[in-house]
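One structure is given here, and the rest of the page talks about it.
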Amino acid sequence: MALFLVRRLLSAIPVLLVVSLMTFLIMWLVPGDVSAEIGGTDATAEQIAQIRAQLGIDRPILERALSWYGNLFQGDLGYSYLLGRSVVDAVLERLPVTLSLTALALVFATIIGTLLGILAAVRHNSWLDQTAMVAALVGLSIPDFWFGIVLIILFGVSLGWLPTGGFVPITEDVWGWARTMALPAFTLAITQMGVIARMTRSSMLDVLNQDYIRTARAKGMRGPTVIFKHALRNAMVPIITVVGVTTGVLLSGAVVIEQVFSLPGVGRLIIGSIQRRDFPVIQGGLLVTACVFVFVNIVVDMLYGVFDPRVRDDR
Amino acid sequence: MTAEIETLPEDGGSLRRQMRKARWRAFGVFLKRLVAHRSFLIGAIILVLFSAVALFADLLAPYAPNRNNYRFILMPPSAEFWFGTDGYGRDILSRVIYGTRVSLFIGVTVVLFTGILGTLLGTLASYVSWLDALIMRGLDGLMAFPGVLLAIALASALGPSEITVIIALTVTFTPRTARVVRAGVLVVKGMQYVEAAQAVGAGHARIIFRYILANALSPLIVQLTFVFAVSIIAEAILSFLGVGPPPPAPSLGNIIADGRTYIQEAWWIAVFPGLAIAFAVLGLNLMGDGLRDIIDPRQRNHR
């Protein structure tokens, strides 16, 4: 298991290198730069040139790349002149909001999705199965950010049960935090709920047709024991794969959902920086998010090893 | 072996004709199965309806999509304005109808480019061994950006426009498509009929197009149906975030963004364009499911 972990970690290195190169190149594509923004509308050409020299963006691309990588390895993502602080600080301050939103949505999606899938599989071809699968299909077809707006209109504006946006830190007020996070997390989860429900159903159906399930039932084991202990455990690997992919989708979905619900997360920071053309922050935000994603994938691979011993022996 | 084949021109000709007939028959059976598949049929009908609305937008829309009318600001749905009006008095129904056109155009273009690029990269990676690692690591790197985040970054770097959205989404969805093609080609490459074709002296191009791609096509088609669906949602997301076609353009995401502003007083602005997106995506998902059922019979008994 330890060897598997080390190998998996090593294989992440080329991916991270490509990721960092991409983030750098994307920003290099950009026409225009932040100097006009800092200088203001009536800055002279000399002032602009001065700002550019100060920021180091007048130097050749290779030199900039080298210095960018040099700083990167020291954990320095640059400085945002528009925010007046280092990019690492700005991103790390926002990261907990994004991560808690993603985690909460993941919990919603996984629990509701698997339960729906198990229910559908156990009552195969019944009206329950049909309804669950139609619900899953509709769930994965609706655009989640739009669903969020509909929920705000319904629960925030019409019924007035929940706030229409904004954020309360969990450290200040747990109930307030739950009230501000409930709608965004549910919104973010809706698509993946459908995906997980469908995967769980088909994976469970595969397993439920196996001989050992019949044996377990023949031995006189109770239905729930067979389903949760024998069937679900073996149906877990494909489900985990989907949950792993889901985490990435949720992480990027959070960017949009934060915008809909005015949550101060990394996504909102990135979108705001796009409008301000504050490239160090965009780069930093992208890079951190991609790194979290790569890390999540490693964790998912580890989980395969836990549920399916064949995976760790193979490699 | 080759000499023998060359000495039988007439028989070879009739054999070829027979093969062509057989191929058409197989295609007919495939079509019949598709039409008989309930969810594929429903999905196809939905997609046809959506495309018809997009194509005949000029005939269907009761008003011009960008015409301001300050006498009718924020009107709720009525007989005159079925979907209501927005803050400029523009008719939401007309804007949604024209919005389907933007969605369809971007969806189709992204599918086309993703299909071409994905096939090219996937085939190259599986066929030219020294390129494999290079291409696949590059694609892995692209896939390390979760979901539409890469598209958002690219679109913001290139500046808001329809072309930008197409480029950004193509770059985002090509890696997974290339993987699907590569996996398909790798399976087919090992088949005996490919070896047989090589043995009778078929060239690389002929083998790739006639034997390998033709048989690796089905997973690609299923994949592209889903790319289509995801592109429609992603276009809306990019527009909503302000990096899509710039505002007066009636893209569905732009209309939803307008609706977000008037969330307190005019629910209809945001609700209807979202329903249009959900409708189209539902249709494409149903088609994709149906295609996968028919192409991959292992999953058929599960529905």
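Any Cβ shown, glycine's included, is placed from N, Cα and C.
The feature domain 'ABC transmembrane type-1' is assigned by TrEMBL to A:95-304.
Beyond the transmembrane segment (A:12-30), the same-chain residues lying 6 or more positions past its ends with a Cβ under 8 Å from any Cβ of the stretch are 61, 65, 68-69, 72, 277, 279, 282-283, 286-287, 290-291, 294-295, 298. The transmembrane segment annotation in TrEMBL covers A:12-30 (among others).
Sequence annotations record features per position, and here TrEMBL assigns transmembrane segment to A:101-122 (among others).
TrEMBL lists A:134-162 (among others) with the feature transmembrane segment.
Sequence-distant neighbours of the transmembrane segment (A:174-196) (same chain, 6+ residues past either end, Cβ-Cβ under 8 Å): 100-102, 104-106, 108-110, 112-114, 116-117, 135-142, 144-145, 147-148, 151-152, 155-156, 162-163, 165-168, 239, 242-243, 246, 249-250, 253-254, 257-258, 260-261, 263. What TrEMBL lists as transmembrane segment is A:174-196 (among others).
According to TrEMBL, the feature transmembrane segment maps to A:237-261 (among others). Within the same chain, residues 97-98, 101-102, 105-106, 109-110, 114, 117, 144-145, 148-149, 152, 165-166, 180, 183-184, 187-189, 191-192, 195-196, 199-200, 202-203, 267-268, 270-271, 289, 292-293, 296-297, 300-301, 303-304, 307-308 sit at least 6 positions outside the transmembrane segment (A:237-261) and bring their C-beta atoms closer than 8 Å to a C-beta of that stretch.
According to TrEMBL, the feature transmembrane segment maps to A:281-307 (among others).
If one looks beyond the transmembrane segment (A:134-162) by at least 6 residues along the same chain, the residues whose Cβ comes under 8 Å of a Cβ in the stretch are 113, 116-117, 179-180, 182-184, 186-188, 190-195, 197-198, 253, 256-257, 259-261.
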